[in-house]
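A.B. asks: Feature table excerpt (TrEMBL):
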TRANSMEM  62-82  transmembrane segment
TRANSMEM  88-106  transmembrane segment
TRANSMEM  113-132  transmembrane segment
TRANSMEM  144-162  transmembrane segment
TRANSMEM  366-389  transmembrane segment
TRANSMEM  395-412  transmembrane segment
TRANSMEM  424-441  transmembrane segment
TRANSMEM  503-523  transmembrane segment
Amino acid sequence: MTKLAETTPKFWDVVFSLKTFAAAMLALWIGLMANLPNPYWSVAAVYIVAHPLSGATTSKGFYRLIGTIIGGAVTVVFVPHLVNSPEILTLAIGLWMGLCLVISLLDGTPRSYLFMLAGYTVAIASFAVVQAPETTFDYALGRVEEIAVGIICAAVVNRLVFPRHSGPVLVGRIDNWLRDGSKLAVASMRGEGDSPEFRRDRQRLAADTLELRNLTTHVAYDTSSIRNVAPLLHVLQQRMVAVLPIISSLHDVLLLKPGEGEKPWHPAVQQLLDEVCDWLQSGENLTEERRTVFLRLIEEIDRHSRDASTWGELLPFNLSARIRDLVQIWSDCLTLKQDISSGSRHSLRWRRYDAHLKGRPMHRDYGMALLSGFSSFLATCVATALWVASGWAQGSAAAMMAGIFCCIFATMDDPVPVIRKFNCLLMVVIAAAFVFEFALLPLVNGFMPLVLVLGLFLVPAGMLLVIPSQFLLGMVLCVNLPNMLMLQSHLTLDFPSFANANLATVLGIVIAAVVTSIVRSVGAEWSVRRLVKAGWSDIVLATERRPGRYRREHMNRLLLRMIDRIGMMAPRLALIPDADVAKVDLLRDLRNGMNTIDLQQYRAKLPAPCREAVDEVLDGVGAHYRALSNKTRDTVEHIDERLLAAIDKAIATIIENGSPAVARRPRIALVALRFNLFPKAPPFVLPPLPQLEFAQAA
């Protein structure tokens, strides 16, 4: 029943399909009236940029238009100058497409669509005019005009007819995220989060922040009331990202809470947990009365832990610090959500790692981007070589489609199964196009009858575009049928051309699948392992002592990049639940990176003995993560023994030599590193205070 409900079109799905079909027919009519050479491209453009949200349609359309213009300009440069050297022209087209694909993959935002279009537009236009290079400019200009007509029609119809704005959708997603985040935080503080589902929920929230980031891009092109609050949205996303490692930290600290028969923590700890849980569940912003209660309890815990003599007394000190961060960040999240909805402005509380970054740092996989670009280049060259060697007049379609399909599915780990599925679905469209071309369209006389005939196919197919599980089928049907029919002002019944063009298209997709499978297809486990190693490499960099490196923005960069990776891992981990790499907790590693940077920030203020002890810890953390990356288990165990001893020595040295004001944050970071890296290690017992005083006097 659930699957049936997910695949059944709803009322607004029908409205969306009707709107999109109307925009497509308007674009076709304009193309026919303006006597554009290939008006069916306008129809395809409408369906390519179609989106239920009007802002998303506009942004996709804008990026597609700019990419098409750039691609058209490059075509005008390439073809006339290189047409007499087919080998060099092929290399130029392939290299350009590969370069644009690499840039697109490294960009990682909705804007990446622009670079991809700039790449494969050159292939589409260049291979089409290589037999008549004198028509290059007219052909490129015509394509830009036809794409522009389709985009403008799609944007105008979507904005004027039952528009759905991105703003309210974004606010709703933020509400859902905050509701789920508060449930996760409460479960952590009440000791209910020790389960695989708990970890999956944290990963899902990380993935949701990536979706919110992409939706924020579309809001700038929207007409809703929140289109001008992009800076607030970015700050809110930074706060949402910062919540996740804190929730993870609270969960791990509370696992070490004393059991029956052990010395309990100070009563203020449980009071603070209960008060914060009540506040999170209320969904209300932080009042001055609640803030006073929280501060009183936190100060009471800190005062009691200041003279800690056992490991069990040190942990509440860390717990209160994390709860303080959680309260400040969550209060900021609620305030920012209110400001985004109302347009007001309020001051924020949490500034610990706040930084004004020019762009959001994200994970970039240069290796996979280069492999994807190379596969696009290679597929284009292979298909072109087959075309030239065979002398096949329609072979240009194979060369064109080979590179394009390497680009379209380049974000997937293993796109080969999807490319194969696309090819199978394309066979269905070819059969439908054959029926339309040679059975139905000869009976049509006039534009309105043509609209009615096309509507029988495109309106039902358009509904599939809104259903995630059926999106690929909808896209294959809606985009390819108009192109295969080559809708123009007159009907051309040429079966050999029809068969050859479609056969070349299928062959091009087969070449793309074969080249991709050889060059860059990888499994989900391989990708997750690569993401994990990238995170570990960032932590190793954080342990290096370089002047001026560890300011606020560096903490923020690490935080955002690691959450980006966790969000990218979430859908992949669902495919490999039993793999060893699925057991890696990258959020815990992120916390280790943050604690490492904390030590870097405060080490310069520490006395010389403390600084030397902290440096040993930093070296040990770097060695630990380097050994993990190199898969040297024996070495890791040996390094960890020394690292645990170094952390214990650093804690004792800081308490012995550091003033309370200077030592507070480094001590929190060291204690956190100890229970993050060695949760099963024997409790650390601090040296007795008289011995510390004697050593200090000496």
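Any Cβ shown, glycine's included, is placed from N, Cα and C.
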A.B. asks: Is the transmembrane segment (366-389) in contact with the transmembrane segment (62-82), using at least 3 Cβ pairs under 8 Å (sequence separation of 6 or more) as the test?
C.D. replies: no
A.B. asks: Using Cβ atoms only, state whether the transmembrane segment (88-106) and the transmembrane segment (366-389) have three or more pairs under 8 Å that are 6 or more apart in sequence.
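C.D. replies: Yes, since the transmembrane segment (88-106) and the transmembrane segment (366-389) share at least 3 Cβ pairs closer than 8 Å, they count as touching.
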A.B. asks: Restricting to the same chain and to residues at least six past its boundaries, which positions have a Cβ under 8 Å from a Cβ of the transmembrane segment (424-441)?
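C.D. replies: Distant contacts of the transmembrane segment (424-441): 450, 453, 457, 472-473, 476-477, 480-481, 484-485, 491, 493, 495, 498, 502, 505-506, 509.
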